[in-house]
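Taken from Swiss-Prot, the feature compositional bias 'Acidic residues' applies to 37-66. Annotation source Swiss-Prot lists region 'Disordered' at 1-67, 117-138. Among the features that Swiss-Prot reports, topological domain 'Extracellular' is placed at 1-172, 270-281, 367-471, with the record citing sequence analysis. Feature annotation from Swiss-Prot assigns topological domain 'Cytoplasmic' to 194-248, 303-345, 493-581. Taken from Swiss-Prot, the feature transmembrane segment applies to 173-193, 249-269, 282-302, 346-366, 472-492, supported by sequence analysis.
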Amino acid sequence: MSKQFSHTTNDRRSSIIYSTSVGKAGLFTPADYIPQESEENLIEGEEQEGSEEEPSYTGNDDETEREGEYHSLLDANNSRTLQQEAWQQGYDSHDRKRLLDEERDLLIDNKLLSQHGNGGGDIESHGHGQAIGPDEEERPAEIANTWESAIESGQKISTTFKRETQVITMNALPLIFTFILQNSLSLASIFSVSHLGTKELGGVTLGSMTANITGLAAIQGLCTCLDTLCAQAYGAKNYHLVGVLVQRCAVITILAFLPMMYVWFVWSEKILALMIPERELCALAANYLRVTAFGVPGFILFECGKRFLQCQGIFHASTIVLFVCAPLNALMNYLLVWNDKIGIGYLGAPLSVVINYWLMTLGLLIYAMTTKHKERPLKCWNGIIPKEQAFKNWRKMINLAIPGVVMVEAEFLGFEVLTIFASHLGTDALGAQSIVATIASLAYQVPFSISVSTSTRVANFIGASLYDSCMITCRVSLLLSFVCSSMNMFVICRYKEQIASLFSTESAVVKMVVDTLPLLAFMQLFDAFNASTAGCLRGQGRQKNRWVHQPSRILLPRCAHGICVSIPVSSGCRRLMVGYN
């Protein structure tokens, strides 16, 4: 097995589950946590079906050779995820260059490679339109050969604190920007509605919580089966089967959601009234659900389409779509909630969510149809599948999706359950809890970006058997986490009044938020260390160590604490926030 670096932050980021939850983003796909049995071929029985109908296409011989022969994607001794194995067969040129640059820097640091090419010129980056000399063409091969030779001969390749600080920081910076954009999708709704009033803010919070628990979390869990199946089909060069699996999963998920859509329209207010004492909040939340239901099919198609592209090694498509849709979402929230001419008030927030879901789906479709990417994503699409093919082999897909549904639901409940308890403390406490949770989610994006960058670096060192360097990376990650958490603590404590005033003009809510933010600031230190250590575990392929404790570590203690603090109403939001953290 090659000892070269093979992981980038792009493929790590692609396995992150995102939603409009007021809790912290940054959950990973269950396929990344729950190992399948070694050498199990989950697409067995469908290969012939796909091969018979696979469309023919022409391409360069070197591209065919680059894709390589199919090998098992479930090798138990390989810590790489299923998405990464498929991506191995279609490196993006920018990612490949970055990995080579990281290897080159380490070789130069250890004096195993000179800083000049064979011709003595400095290494330079060349644009696509510039001619590349023979020395530059030979340089990647020289780096790869030197790296492999050094690893195989047992020569010591070590890193330094300075080098790891630089690499982790540079890899984390674009992730911070991306994750904040993702977070802005939920932030925009909370921010716009919070100025309408405390009850409207509580209605959006309850509606979003119910939508996440009863719909979006289950949908994302169901769609995680594609992380396994599509990666195997694409790795086997059974390209047509990728499109079949994606459409089949979309059909299953949409049909599974139809009964819940009926419940949202007809029974949501009555069901919420059984748990929430404020009847007006239940009515507002039910209206939120009725509008949001129209966007759920778009959300399903987006999740399936995202995995359709990711299994082909195209990880940046959803990010490009996000760069367009996130600003549009903020604009729509302003126009539909606050604008004097077209604004509709409270219902403008869920309507913005609906429009955004469909725009994200449309964005992925436009990208797939117009992209010049060398992987040609439409080679995996052979048109709409017939009805009999859509309703075939459901059991295998559902069995693979069940662990995903269970895990994602457990993670979401760990955060969303506090919303139910906060509603028993009163409307003001519910609004304050929503604002504080939103601030916590936003503050978490910096340490979480460091965590993803760390897991990538650790995975590369583990793959190259450079265990001492892996330890240095983990120490640097902890140090960077301490620095960023200290900055978060300072900002939250120093500007707590200004932050609270941004979200609400209600004096009671502002006071609760101001009183609670010091607790949140104190917990930033532990939050950052939790993210950092989780990244170290993920890079070592030990995600299960963290996953097996999730229900008992998060859900049960928070339920118990939430019950305790919601009994004495005078305790307010501060004690509830202790359970959140």
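Just so it is clear, glycine is given a Cβ too, placed from its N, Cα and C backbone atoms.
The largest share of C-beta pairs under 8 angstroms with the transmembrane segment (282-302) comes from 346-366, of the ranges 173-193, 346-366, 472-492. Mean per-residue pLDDT, taken over the topological domain 'Cytoplasmic' (493-581), amounts to 72. Sequence-distant neighbours of the topological domain 'Cytoplasmic' (303-345) (same chain, 6+ residues past either end, Cβ-Cβ under 8 Å): 10-11, 13-14, 83, 86-87, 89-92, 178, 181-182, 184-185, 188-189, 191-193, 195-196, 219-220, 223, 226-227, 230-231, 233-234, 242-243, 246-247, 249-250, 253, 351-352, 355-356, 359-361, 363-365, 367-368, 371, 373, 375, 377, 380.
For the topological domain 'Extracellular' (270-281), same-chain residues at least 6 beyond its ends with a Cβ under 8 Å from one of its own Cβ atoms are 199, 202-203, 206, 210, 263, 420, 423-424, 427, 430. Assigned with DSSP, the residues of the topological domain 'Cytoplasmic' (303-345) fall into helix, strand and coil as follows: 30 helix, 0 strand, 13 coil.
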